[in-house]
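One structure is given below, encoded as structure tokens.
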Amino acid sequence: MGTRGRGRVVDRPAGEPAEAGPPGGAGPGGAGPDTAPSGRGRAERRRSARRAARRRRRSLLREFPLIILVALVVALVLKTCLIQVFVIPSGSMEQTIQVGDRVLVDKLTPWFGSEPQRGDVVVFKDPGGWLEQDHKASDDGPVLRASKQVLTFVGLLPSSDEQDLIKRVIGVGGDTVECCDAQGRLSVNGTPVSEPYLAAGNPPSRQPFKVKVPAGRLWVMGDHRDVSADSRFHMGNPGQGTIPLSGVVGRAFAITWPLGRMHQLDAPSSLSSLARAARADGTAPDSVAVGPLPVEPPLVMGVLGILPLVVRRPGRPPE
């Protein structure tokens, strides 16, 4: 018979072993009984993945206190030195700022000698007697009271005894502010001022006055003149109703909440463009007023994520 169809026989030298097949005796392309090692490899990989996931969770739990600590430190630095969010509790600045609005206050630029200018909206400490002193005793226990004090210190809770107000700067040191002229207008250094920010139906002032603002002080008024107990109502106090520059916390430069009212708080040109009054010694004023440093846009964009940590509520001005 011929050899067609038979396997090819290869002659090997005597003593040379036959070529071994795949492990487990499987032929080419066959599956032997020892495929288990690959199965054990997959199981081991799954166990390793589970162990790695557990390690990640434990690492996160260990890092969480550090994350909280860093957030508190950042909030404290922002609250103390840079910017702060204030909640407005009264209507003395309507319609510019309404009850419940959140405003951003720039606390950084005063550190560099920048002073508020006419038309700026500023937050300031009560110079004395502007706010009602009505603090009720707390019923909190010592532990809860201590916890609240810590959270208030870092800005996570509003203080129960804050003495802050918010008004618009009308006159700076050396200015003469008067109301009202024959047309019922307020004037600064003899120049009538247009006040488009006034609440609807409010005149510049129902109470006539004339004041020379001392150096280092500000004359401030609310935009809702009929309900704002501002400089006009404290002319019998030292400083004739003006407030000291040292009491200014910062300049309110934007409303951040509610979203539908989000906008910048710009000084009206009718006030900001007025020439500075001559100094008391008769010398000419500086030709260029010191303005805020251009830090707000990058600073605000960088800290919007943690602004809720630095909210504080100003005191309620007397009606």
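Just so it is clear, glycine is given a Cβ too, placed from its N, Cα and C backbone atoms.
Just so you know, TrEMBL annotations never went through curation; they're auto-generated.
TrEMBL has this to say about the protein:
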type	residues	note
ACT_SITE	Ser92	active site
ACT_SITE	Lys167	active site
COMPBIAS	22-32	compositional bias 'Gly residues'
COMPBIAS	43-52	compositional bias 'Basic residues'
DOMAIN	62-257	domain 'Peptidase S26'
REGION	1-52	region 'Disordered'
TRANSMEM	64-87	transmembrane segment
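Through the fold, the compositional bias 'Basic residues' (43-52) approaches none of its own chain's residues that are at least 6 residues removed from its boundaries at a Cβ separation under 8 Å. The two recorded residues, Ser92 (active site) and Lys167 (active site), show a Cα separation of 8 Å. Summarising model confidence by region, the domain 'Peptidase S26' (62-257) averages a pLDDT of 84. Of all Cβ atoms in the protein chains displayed, 27 besides its own lie within 10 Å of the Cβ of Ser92 (active site).
Its Cβ placed at the centre, Lys167 (active site) has 26 other Cβ atoms within 10 Å.
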